[in-house]
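If you check TrEMBL, you get these features:
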type	residues	note
TRANSMEM	16-37	transmembrane segment
TRANSMEM	49-70	transmembrane segment
TRANSMEM	94-114	transmembrane segment
TRANSMEM	126-144	transmembrane segment
TRANSMEM	164-185	transmembrane segment
TRANSMEM	197-215	transmembrane segment
TRANSMEM	373-394	transmembrane segment
TRANSMEM	422-438	transmembrane segment
TRANSMEM	574-591	transmembrane segment
TRANSMEM	597-616	transmembrane segment
TRANSMEM	628-646	transmembrane segment
TRANSMEM	666-686	transmembrane segment
Amino acid sequence: MFKSLGKELVNCGEKYLLPLLFIYIFWFSLSSGNEILLLPGNITVNRIILLLFPAIIGLASLGALILSIIRKPMVDSRISTITGNAKQVESINLYLPVAWLVLLVISFLTPGILGSRWPIYVRIDPLLRLAFVTVSAAWIFWLFKTRKPRNGLSEWDWQPWAAGLLLGSLIIIFCLLVGITGKGIGVGTQYWGKSGVPFLHWQMGLSWILMLIWLRVNGGKKDQVPWLQDVILFTILWLTAFYIWKGIPTPISRYVTAAYPPNYANYPFSDAGDYMLQAQAIWTGNGFSFGFIDKPLHLTFLSILSLIAGADYSRMILFQVGVLAIMPGLVYLIAAKLHSRLSGIFAGLSVIFMQSNNLAISSSIQATNVKMTMSESLTAMLLMVLCLCIINWWKNPRSLLAYPALAGTILGLNGLVRLNGLVILPFILIAWIVINGIKRKTTWISALIFVLFCILPFAPWALRNKIVYDDPFRSFSSKTMGVIFKHRINPVLNDTGDMVPSPEADDSDVNAVAPAQTTLEVLLNQFIHTGFHNLVAVGLSLPASPYHTTLDETIRLPYWDQEWDGGFTQNGQLTLAINMAIVVAGFSFGWKKSRSVSIVPLIILGGYLIANTASLVSGGRYIIPVDWIVPFYFSIGITGLTLWLFDLESVQQPDRIVENNLWKTGAWLWSYIGLALVIACLPTVLSLSIPKRYLPADNTAVMNEMRKMHLNLPAAISSAELEKFVSNKEASFKLGMAMFPRWMKTGEGDTGGNGSAFSAMPYDHLSFSVISSGKGPFDVVLPINEPVRYFPNASDVILIGCQTNSFFNAAVVVLRTPQPVVLVRPDIKRLECPLPQP
């Protein structure tokens, strides 16, 4: 059946492909001529000259169409003569792709690239696109005549075709559902973000060129040590990512502040600031008392970085970038194992470019990146490690213990960073059991080992929760019940309404109403809406416009609107469809090389997006952990198509992946597992073993600490005034660690809400957060006119002032540094609560 189908397809191509291509060229010639006629202005000689080109191409294609029909034997004979001439074939194989690539670049430029030359380009662009279509048609026909299988499709492996057809069908069905129902686009919930981080045309082109350079330099060498190639490429990608990412300025966003005196650091804010405060509180002996017990490993990661970097937050972020810069190398290894080192190079470069774009425009696309203390980037890195571990496991199915144990342990670590990753577990198990054989005893043993070692990393943290809360599952319940149900699902359930007007009701029937949706229907509708939006958002990381837009132009395209209605720019749907077809091709190429193992990244993508759906979150920062997977398959697709289209498969030497070098068996694997389990124990050890640095202290105790320092107080305040203020019931004396100090002028502020310590105020002020003996941090405001010159981050401080509903209103701040510094409100005349506004 497959053989006969292949022959039929080839026969259809012989009969109809050439006439159809001529018809399309003729139609596009008419369209190009119409575009030229519609240009603004009068008909001039220059415009008539422009019209000659589509006229000539149109007439030529029409004549060729007639000739190919009435004189088909003669045309076929002439084509056979050309394809039989080796020199002509070699020349066409060289010049036709080069012409196509040149026209691809110059036919879709934008005003952002051309600047003042744009008005001239607009007039010749229809001709360039006509030339591009003509050359494309010629190349398609040439590939058919020279690369078609001699025996139909029977000589091809049918499994990759079937796998690609299945994935492509699912994508088409999904697009139809979105178009028909409107699910996944339009207005969403408050936890919807924008589309994913973009991967630009020129970045694809540069990745492609660098891939070809590696093929040219290394493709024909047979004496290369395989594991050494991997180490070299991994290191190059790591260092390149670190160098590029660290050099990109961090834009101000919801999670990053502007750089203010005295330290001029881009401190974390909002959730990122809360995580960093909790991470620092670990070293003060406060444990995990600030409420983020569902992310213990992420907070431990931040605390270790802060310990290494000291009080310099900018240095800490630099260290974080250095660690997370291994992500391109990890993606390279995944692609190398599933397909080839060439696709690994392209995929690794795609991660570098996408993260660079993220860093440049994070404030505009509501994403998080490697320079923020959010959990998404670390989750992405661990998911890449997990993907690599599962691939090694599935490629070594006879290993009953080590490989599934390592994969399970890494998934457990992922859950300690962000619980969403645990939803991947059942999908991995189902796929493993189906693929490896449900009746095999070894299948179930490996699955059991995988599950047990996934649970094992949670045991220390569960023990800690049992000791602290008498509830070993507190980290799960705090996330599911305290966040997902309370803040996301319950508001949906409570907002169903009773009866709503029916849009189909007759205008005269004013009392007509449509049946109200049940609670379950409303919730299910939101789940479907959010799930579809997750898929839409990850798909739009690839270009959906044929034009080579700049980064700023790209995020102004319609689908970067948070309430995008599904509209595209001209030919946007076609461009996205082509890119999705390349993704499908990548999946097929991966299946051809690695069979069912190639589905592993797709399982991770689907499982994680289902977790997002269950949490009613989508887009923006929520898809960052898996936004590399669609470009990953795209990279394999581009590589496979390049090798086939340019007939380079003979140039590339088959990759020899030596499993025992990067992924040792036996003792080495168990040492990796042991290291992962030690890492899993760190949050518990740090939580329970570090003594409290700040103990509860009343005003008198804090005043005694000040007396021991023998401070030289400014003239604006006296020791007698302080002694009197101690006994004031409304007065507050505090000991603590000051975090993220920033002095702001009148009217300056961060993204905090009105009335917060970091919002704009009608006076100059110093603001910072304080970690003290309490269960949570608090914010401090000290009105002070002169810029603060010296105030190291994470300094021990003594605070004197009054507590308000929003922040601690300070009158005196003492830095307990080797040379103590006393900061006093300049307008203070008398210490009393409440303090007057400056």
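In case you wondered, yes, glycine gets a Cβ from its N, Cα and C as well.
Curation does not apply to TrEMBL; its annotations are automatic.
Under the criterion of 3 or more C-beta pairs below 8 Å, with sequence separation of 6 or more, the transmembrane segment (373-394) and the transmembrane segment (422-438) qualify as touching. Two recorded stretches are said to be in contact when at least 3 C-beta pairs lie under 8 angstroms, sequence spacing 6 or more; the transmembrane segment (628-646) and the transmembrane segment (164-185) fall short of this definition.
Residues 528-529, 531-536, 564-566, 580-581, 584-585, 587-588, 591, 602 of the same chain sit 6 or more residues outside the transmembrane segment (164-185) yet have a Cβ under 8 Å from a Cβ within it. When each of 16-37, 49-70, 197-215, 422-438 is checked for Cβ pairs under 8 Å to the transmembrane segment (126-144), 16-37 comes out on top.
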